[in-house]
Amino acid sequence: MTVLPDHTAGPQTTSVSTDFLALTERPVIKRKNIGQIIGVIVVAYALVLVAITAVTNPGFGWPTVAKYLFDLRILDGLVVTLELTALAMVLGFIVGLLLAVMRMSPNWLIRGVAGAYIWFFRGTPLLVQLLFWGFAAILFPTIALGVPFGPTFIEWDTNTVISLFTAAVLGLGLNEAAYMAEIVRGGILSVPAGQAEAARAMGFSHTSTLRHIVIPQAMKVIIPPVANNVISMLKTTSLVIVLGVGDLLYNTQQIYAKNLEQIPLLIVASIWYILLTSILTYVQSLLEKRFSRGAAGTIAKKGTR
């Protein structure tokens, strides 16, 4: 019996590989998504409709918007809004840091006081808290320093000490502290427990451990959400209108109460809020990138040791 050589294997393999290469060189035609096309058409139509309405509807009053956009009263209110935002956030961060440390105290009474503060200020509306500070003189007509149930050394009129602006800062800042406390506590808990244990083994007290070891490392976790709260606080300051504080929204209201151009003036206020929010959002993104790089660099250094 004679075995004939198989001459078909080579050509078949070559043919298959050639066909495969020919297929891979062909352009890939993506399947059209009808739903996506319809969605794009609907969104484009809505945008065109909004643009046409904004241009043709005289109620928007764009000439009035241009007239009052840089009005001195608007700019004065803008400065007050920025001052309220900065002062309230500083107060909120300081008190929030203190509350976070108290919440992590080994003493049950200190933990309970901090927990009660957070529970109360997070459980009541901010608007109500602002009004309470505005009407503080009803509860305490005077503020005095002296011996309890004894002689008074010095006394002030409450309305003189707690002005409307001060009441607004206290209301915004103390409310923010309740939320800031949880942010700070979360940042502290993100630090490995071994760091604190090593510090205590070296003779550091609980307070010194937090101050020199834990909190500096926790700032990488704390700062990005704090930046987000700053953006939120900028818009929340508009609530001080109930106290008559001359912020951006209050001054806007005073203008349109006289000229009855409500919509154009509200657009003016919105433009400034959007502009400031956009700037703060950009700063927030820079902070997040910086601290994320810092955290990654720290991990890399630990890994190479």
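Cβ coordinates come from backbone N, Cα and C, glycine included.
Sequence annotations record features per position, and here TrEMBL assigns domain 'ABC transmembrane type-1' to 78-284.
Per TrEMBL, transmembrane segment is recorded for 37-57 (among others).
Residues annotated as transmembrane segment in TrEMBL: 77-101 (among others).
Marked as transmembrane segment by TrEMBL: 130-149 (among others).
The transmembrane segment annotation in TrEMBL covers 161-181 (among others).
If you look up TrEMBL, you'll see 221-243 (among others) marked as transmembrane segment.
Annotation comment: TrEMBL describes 263-283 (among others) as transmembrane segment. Tertiary neighbourhood of the transmembrane segment (263-283): same-chain residues 59-62, 64-65, 68-69, 71, 74, 78, 81-82, 227, 230-231, 234-235, 238, 248-249, 252-253, 255-256, selected by CB-CB distance under 8 Å and a gap of 6+ residues from either end.
If one looks beyond the transmembrane segment (221-243) by at least 6 residues along the same chain, the residues whose Cβ comes under 8 Å of a Cβ in the stretch are 81-82, 84-85, 88-89, 92-93, 126-127, 130-131, 134, 164, 167-168, 171-172, 176, 179-180, 183-184, 186-187, 190, 249-250, 253, 273, 276-277, 280-281, 283-284, 287-288, 291.
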